[in-house]
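K.L.:
Please see the structure below; I have some questions.
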DNA sequence: ATGACTGGTCGAACCAGA
């Protein structure tokens, strides 16, 4: 089965791209971020016609996340348990897969703007709360996938300019420590389980020909809990829709998960 | 050095993204 994540930068602007991409890539689960729409605007019907159930946690103008799934979902949870947040950034659901239930946790992590700002402090508090909540979530759900737009480039090789951008947003030691702390919970960065091209990125700035010059960052990730590691068959970044007209600035990331034995 | 693009909200220039 395949599980994907894609920050679409407005589902209103990108609905046709999502539908076109799903026809070419009929993944079992697609996690979306930055819907930029309230729940009542969510295109449930058209996605249903495409074969997908949806669990939605929208927000007007900013943020907003959703899980699309071919199989029914249950136990849908919104935002980080025990953490009060007026921004819609996390949705979780359990998907019944052939090899047993999978807990899907879809996050649109805080951007954080720049170290020293209020937004950066919000990012740090948010990441701390996420980790604490995930600790319990993983105990309850051994087969767990944490995926989405992390807004963290975990290592220097995940940035087009690690020296020039050292200790700037997405590259700070503090953010990277938070990423490592997620791994220490028992999660594995599935992309790095496999050999990958150098300069693999999932986001490119719209400005200054960012994509054409491959000036990007790898900030969209799919982490899997340890029991799922032997089932991971591949993880790729699909740059194709980034070349379409009026693209999202992010590309989808796709994990191929074996059915298991 | 700062700007650059893009989407949303408006109903003109913002904010926010990364």
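In case you wondered, yes, glycine gets a Cβ from its N, Cα and C as well.
Taken from TrEMBL, the feature active site, proton acceptor covers A:250. Annotated Mg(2+) binding site per TrEMBL: A:7, A:34, A:149, A:151, A:249, A:250, in sequence order. Among the features that TrEMBL reports, domain 'Endonuclease/exonuclease/phosphatase' is placed at A:4-250. If you look up TrEMBL, you'll see A:151 marked as site 'Transition state stabilizer'. If you look up TrEMBL, you'll see A:250 marked as site 'Interaction with DNA substrate'.
In terms of burial and nearby residues, how do these features look in this structure?
P.N.:
The Cβ neighbour count for residue A:250 (active site, proton acceptor), using a 10 Å radius over every protein chain in view, is 25.
Within the same chain, residues at least six positions away from residue A:151 (Mg(2+) binding site) with a Cβ under 8 Å of its Cβ are A:109, A:110, A:111, A:112, A:123, A:169, A:170, A:175, A:219.
Within the model, the domain 'Endonuclease/exonuclease/phosphatase' (A:4-250) shows a mean pLDDT value of 98, rounded to a whole number.
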K.L.:
Cβ within 8 Å of the Mg(2+) site's Cβ centroid: which residues qualify beyond A:7, A:34, A:149, A:151, A:249, A:250?
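P.N.:
Leaving out the recorded residues gives A:9, A:33, A:108, A:203, A:219, A:220, A:248.
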K.L.:
Between the binding-site residues A:34, A:149, A:249, whose Cβ has more other Cβ atoms within 10 Å than any of the rest?
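P.N.:
Buried the deepest by this measure is A:149.
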K.L.:
C-alpha of residue A:149 (Mg(2+) binding site) to C-alpha of residue A:250 (active site, proton acceptor): distance in Å?
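P.N.:
That separation, Cα to Cα, works out to 9 Å.
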